[in-house]
Amino acid sequence: MALQNINPTKTKAWEKLTNHFNENKDINIKDLYKNASRKEDFSIEFDDLLVDFSKNRITEETISLLVELAKEVNLKDAIEKQFNGEVINVTEGREVLHTALRSTSEEPVLVNGKNIKPQIQTALRKIRSFSNKVISGKWKGYTGKAITDVVNIGIGGSDLGPDMIVESLQYYKNHLTTHFVSNIDGDHVSEIIKKLNPETTLFVIVSKTFTTQETITNAETIKNWFLKSATIFDIPKHFVAVSTNLEAVDNFGIDKTNVFPMWNWVGGRFSLWSAVGLSISLSVGFDNYRALLDGAEEMDLHFRNTDFNENIPVILALLSIWYNNFYGAETEAVLPYTQYLKKLPDYLQQAIMESNGKGVDRNGDKIDYQTGTIVWGSTGTNMQHAFMQLVHQGTKLIPADFIGYKQSLYGLTDHHKKLMANYYAQMDALAFGKTKEEVHLELKFSGDEDKISQLLPFKVFEGNRPSNAILFDKLTPHSLGKLVALYEHKIYTQGILWNIYSYDQFGVELGKELAKKLLNKQ
Ligand code: F6P
C-alpha cells in the first residue's frame, strides 16, 4: 500500500497548532527558562548522544500538538513502509532501503519477493576483502608497486557522502591519500592528476547510472592520462567501479571482477552505506566503516521503535516544521564545533534540499505551504568570526543545530575547554541575549557612560533565537554514523509531514538536458 496522502494544513492538529501559535508566538525562551526543570524536560539522552532542545520557542503543549500532527498524518505507518521495503519512492517506482544496508538483523527485507540481505552481505565482504588487500599493499599496481593514492570519481551522492565521511574521520585514517574529483571543470581533475603517480594510484569510479556527464568525462580524462604511461591491460589493476549499469562499466573497460554493486533501491544521496562508501573503507579500514554502519543502525532502531515525543529525528523534524511553517523561518544553520565536520553542511545541503525541495504534493497538486528548508553552515569557532553577527542581531530568524563533542580526539584539553565554552556561550547568547538594562550597566561600569545614548541600541541582543544542542561523547565512526542517520530520518519525517515525495529529484534534470542541447549545438 502506498504512502498516505494527507495535506498537513487540513488536519485538526494543524488547526490547533495555528491557534496555539497565534496565542504563543511571542513567548520568550528566557521566560520559559524560569522553569527550573526546563533543560531536563526538553532533552533526550540516547547512549553517547544528548539532544537538548530546551532553547526553542516551545512549550510542552507545542510538542504535544506537533506529535499529534505526526500521528494524524500517520508517520508511524510511513516509517514502517520505508523499513519494510515498500515502494515509497512512487514517482521512480522504487523502494528506499538505505536502512537495510546497515542492518545486522536476520529479518529479511524483500524486494520483488527476494530477500536483499544476502546480496548486501556479499557486497560488504567484497568491500572488506578489497580494502584489506589495498591497505596491506598486497594489491599491486602495474609496475608491482603498492597503492598509495585513491581517487574517488563521482558527483552528488556519489561524492559528497564519501568525501564528507573521509574528511570527518581523518583522525582514523591510514597511510593512503584519498582524493575526490567531482566537478566537470577540467581544472579540478587537472589539479588532482598533477599530484598522482599512475603506478601507485587506484581510481574508484562511482556512478549509480554510469551516465552522469561529470563523472564519465572525468573518468575518461583520467583514463587517457593513465594510458600515457600504461596500457589497457593495466586498467584492471587501477580502475574499479561502483554502479548499477554493468554494460556501461564494461564498455569503459573495467574488469567484471572490479565492479561493486549498487542497487536501484538505494538513492544516490543515501548511498554512502553501500559500496559507494568504498573510498571510506579504503581510507579508514573496513572495521571503522562497519562501525559507521553500526552507529547508523542504532539510530535506525531508535527512529523505528521510539515514541515520537522521545524520538530524536522526529523531534528535530517537528521543530524545523514549527519554525518553517509557523514562524516563517526560511533557513536553518548546521554548526559543528569540530573542524573535522567542515564538509557536513555541504553534504546536508544535498541530502536535505534535493530531498525536500519540492513544490508538488503526493497528489501531484501544487503546494500552497512551505516545504524544504534551506540549510547552510560552517564550523565553530570560525563561523563566529564570519556570519554569526547576522544570526545574533540580524532581522532573520535562523534556528541552528550546534553539534559538539565532550572530548577532543587529540586530548588538547585547553583548546577543547575553550571550544566548548564557545559552543555553550553561542547558544546562551542566542537564546537569552542582552537587555537594554544590561547594556546600560555595562557601559556605565566600563567608564563609557557618556556613550550610552549613542551606543545602547547597537549593543542590545534581543535573544529568543532558537538552537538545538546535539552533543556526543566523542567523534568516532560509530557516533558519526548515528549523526548522519539522524539527519536522514529527519528528512524523511519532514517529507511525510509536508506530503511530498522526498526520494526523487526531477528538479535536477532540466538543467542537464539543456546543457546537453547547448553542447550539441556547439
Ligand atoms: O544531482 C542528481 C543526482 O542524480 C544525484 O541524486 C546523484 O547523487 C548524482 O546525480 C550522481 O548520480 P550518479 O551516481 O548516477 O552518477
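The count begins at 1 with the first shown residue.
Using the three backbone atoms N, Cα and C, a Cβ is placed for every residue, glycine included.
Per TrEMBL, these features apply:
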ACT_SITE  GLU354  active site, proton donor
ACT_SITE  HIS385  active site
ACT_SITE  LYS512  active site
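Shown on the structure are the features that TrEMBL records.
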residue: GLU354; record: active site, proton donor; contacts (Cβ under 8 Å, 6+ apart): GLY156, ARG269, GLN505, GLY507, VAL508
residue: HIS385; record: active site; contacts (Cβ under 8 Å, 6+ apart): none
residue: LYS512; record: active site; contacts (Cβ under 8 Å, 6+ apart): GLN213
